[in-house]
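Working notes, beginning with the structure itself.
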Amino acid sequence: MQLLRALGVFHVSMILFSATLGTGIFVTPKAVLKYSSLNIPVSLSIWAGCGLLSIMSALCNAEIATTYPLSGASYYFLKRTLGSSVAFLSLWIKLFAHFLGIGAQCLLIATSVIQCFYSGCPAPELPTKCLALAILWSFGIVSARGIKTVAWFNTVSSFIKLSVLCLISLTVLLVNGKKENVSRFENALDAELPNASQIADAILQVSYSYLGSSVLIVIAGEIKRPTETIPKTLIYGISIVTVLYLLTNISYLAVLTSQEIIFSDSVGVTWMNRVFPSIQWISSFLISAFLLGSVSCGIVSASRVFYSASQEGEFPSIYSMLNDHHSPAVADIQIVILSSVAIISSSIIYLVKYVSLGSFCINLLQMIGLLKIRYQNPDIPRPYKVWLPFIFGSIALSLFLIFTPVIQSPSIEHVYQVVFLFCGFLCYWLQANLNGHATCFDTITCYCQLLFNISPSEDPEEQKN
């Protein structure tokens, strides 16, 4: 039994949109405009430039996914290029980043929905956590039903997101194309230019809004014709996202003044309240809709990383066993349980900021591994080969995203992030020394196979074919 290659170009594109289009477009424009010194052309240029940088980085990852078209390809690739310890470190980072991030997103969805019924006062904690748990476990069930079910859900989610952004983009042209709106752009070039430090901060803010394309590398083993589908989807998909982000920002600037954007907690909600004041209540549901797809993609991504690590012997074999729907059900359940703990003990969700540095470190390690294998194994079949300067550009971008916050505003949090990374190496040493003595997992695996009706999957080398 193996994971099914069931995703074509359409469903892969929908998953990419679902993972990439998030609530960042509702919040980030405020910070970008602020760091751009209220200079509209500079602000829009940063959004466009970061879109191009995102395509560059995504195409580098596409070479990894097409050379090793497996689920959890990033882990498999790092282990073979930089060694087991580095691969385990990436696993350590993703483990915490996924379950803390998923828990935080579920809580945010629940808070947005329940807040509609408690206007003027904060939403109560107990109903919020109960709804968050219900949402989380519902997505866990969807993930366990197989990649086809996940794809159809993300298709619906993507259509909602694309419809909302198209509505925001086109409303200015159809409804609010008045002289007073257009006049705000007439003197845009007269604003002062930001300094290099401010531009760096703005780029850092926008970069978070383009995260999500790595989901295709994680599910490469379930994509039909990955050598053609992945590069094509990344180029067209991120280009569409970039255009939508630009049009949405122009719409914000046409309806709201720069000062209104700067002082808004959520630019998207403020825009909605200004343009459609009679349906203000729908804003919270739209924010929730933008997060639903991210939660679904997060669970799938995390379970595939568990699956790959299990096949490589880092985790017990139970995590790589598949159910009747060709899904690693135990890995799905494990992620949902860990995320449930994060929701119940909501205070630990704030730890997610300590693993943010690790996400950029993983991308840096992948680029170094890609560069290394280019020179050590130049004859490996590469269905898609990215232009070499793109790899160096991605390395420079990762270094920029890692060190800019440390240089601009050093804090104790950065020390905690480094300690977190070193803890990963400590856990690797413990895992390497205790793995051979943990015979109790064999008995547990047998019982779990009967309980969940799961069976072992094929060797990763066989799945590449």
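Note: Cβ is positioned from N, Cα and C throughout, glycine not excepted.
Going by the topological domain names that Swiss-Prot assigns, L108 and V269 belong to one and the same side of the membrane. Of the Cβ pairs linking the transmembrane segment (357-375) with the transmembrane segment (235-255) and spaced 6 or more residues apart, fewer than 3 are under 8 Å, so the two regions do not touch.
Long-range Cβ contacts of the topological domain 'Cytoplasmic' (61-81) within its own chain (Cβ-Cβ under 8 Å, at least 6 residues beyond either end) map to 3, 87, 90-91, 213-214, 216-223, 226-227, 230-231, 234, 304-309, 311-312, 362-363, 365-366, 369-370, 372-373, 380-386, 460, 463-464. Using the rule of three or more Cβ pairs under 8 Å, pairs at least 6 apart in sequence, the transmembrane segment (235-255) is in contact with the transmembrane segment (155-175). Relative to the transmembrane segment (82-102), the listed stretch 281-301 leads the set 7-27, 133-153, 203-223, 281-301, 387-407 in CB pairs under 8 A.
By number of Cβ pairs under 8 Å, the transmembrane segment (155-175) is matched best by 7-27 from the list 7-27, 40-60, 203-223, 281-301, 387-407.
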